[in-house]
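Written out below as structure tokens is the structure these notes cover.
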Amino acid sequence: MGQTHSWRNTHTHTHNIYILNDEHFKQLLEVLTLPPLYTTLRINSVENDPDNNILLEEIQLHLKKQTDALCRPEYNMFIHPVLKDCLLIQNRGPKTIDVVDKEIIVDLSCGMAVLRGAHVFKVGIMGAPMSLRAGDVVSVYADLDGHCLKGTATCYSNQKLFVGNGVAHVSRSDLFNSQTLQSGIGILMTHPVYEAPSLAEMLTVRISSQNLPSIACVYALDPQEGEIILDMCAAPGGKTTHIAGLIGDKGLVIALDKSSQRVKKMQTLKKKNIEMYVFDSTKAWCPSADGSNRPPYSPETFDRILVDAPCSALGQRPCYKNEILLNQLRSYPVIQHQLLKTAVKLLKPGGVMVYSTCTITKEENEDQVSRLLATNPQIELIHTPYKLGGDALPTCDLSSEDKSKVQRFDPSFLYSDDKDLYNVDTIGFFIAKFQKLK
């Protein structure tokens, strides 16, 4: 049986693959269990569009309705000073909340969503007291061990995390005795430990929920009108649609993903300038390709390529537990290097490639950059248009100059004095930009 990774049992292994110092590593693990104190939305519009102000007013009005209904102060909302389509909403917390007698246990993913502003949906409720009735005030706990059985009625004694108080919208009998599939809100979180806007009713064609580094990633790619751009690992499609929006109808985005289910879900995002295909991007290069828009492709086909690679996702927040197998953790660098090698072959001379992950390990980030540069002399590492993240890890093999070219978003540095906290209090993320020599 493989060994699993969690924030409780992985200090030795993850410390070896991250590497700074014990104090910094301790801070990092602590921060990863906390939600970012900024909610970020991407506005799907062009700069200086007169409709932007109307849209922002609509968002502000929607947020006011939320806060008024829950008797909370209004949220501070502002546009990022550099990423002009990134809307920042300042969350609040942690709050000191007195627990009540009636206890609700939710699954871990539901608990983490509550920390980022969600209410509790019925499907996420695992345990509730026999006396639960609609209208009851309850304390909500996330099951950290995953041992709570569906329908549990007794007090849960395993490890759990208090995420706040709320009002039940459903009785226990309706939750666990109903013959119909349960949907909708089960607990309205009136007093969460962290206050953040609920996004379920806000997201539309023009508003997307996206982490700040993911938005910065597309800015690093800097797509231009008239270009043919490849997104090698496109699902769930946030970066794909961002690229397509920036180039308008004067260009083409080819979106590949090897999962048919994930591509099927992306169909709702499809635009005229996006073509989606189910395909393994490590095999997207073929010297004898027929030259059509369908994969595989001939060498030097694309002006720009985004390699937002599959990764261990150890930068996601909040995260109390990650059961990834260690052999899985070691497999990601292999896949990432295969994708990068293929991307180099598909990139036109003078073309630009961006590599990104949402993880913190050196092997998946700086080591991939070092290896690619060492084995591909036709590729050089270049600066991104905007430097929002920090430099590479000091212990990596990159030169001092190249360390300054990458962007490592490291949320542990929120303990430092940084006036632009919204650029630091993010998920863990990595961005590197390359250019192919002519």
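Quick reminder: no glycine exception, Cβ is built from N, Cα and C everywhere.
Heads up, TrEMBL stuff is auto-annotated, nobody curated it.
TrEMBL has this to say about the protein:
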| type | residues | note |
| --- | --- | --- |
| DOMAIN | 132-437 | domain 'SAM-dependent MTase RsmB/NOP-type' |
| BINDING | CYS233, ALA234, ALA235, PRO236, GLY237, GLY238, LYS239, ASP257, ASP290, ASP308 | S-adenosyl-L-methionine binding site |
| ACT_SITE | CYS358 | active site, nucleophile |
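A map of TrEMBL features onto the structure.
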| residue | record | Cβ contacts under 8 Å, 6 or more apart |
| --- | --- | --- |
| CYS233 | S-adenosyl-L-methionine binding site | LEU256, ASP257, SER281, VAL307, ASP308, ALA309, PRO310, LEU339 |
| ALA235 | S-adenosyl-L-methionine binding site | ASP257, SER259, ARG262, VAL263, LYS265, MET266 |
| GLY237 | S-adenosyl-L-methionine binding site | ALA255, LYS265, MET266, LEU269 |
| LYS239 | S-adenosyl-L-methionine binding site | SER214, CYS217, VAL218, ASP231, LEU306, ASP308 |
| ASP290 | S-adenosyl-L-methionine binding site | none |
| CYS358 | active site, nucleophile | ASN211, PRO213, SER214, CYS311, ALA313, GLY315, GLN316, ILE427, GLY428, PHE429 |
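Binding of S-adenosyl-L-methionine is attributed in the record to CYS233, ALA234, ALA235, PRO236, GLY237, GLY238, LYS239, ASP257, ASP290, ASP308, and the widest Cα separation among these residues amounts to 29 Å. If you take every residue in the domain 'SAM-dependent MTase RsmB/NOP-type' (132-437) and average the pLDDT, you get 93.
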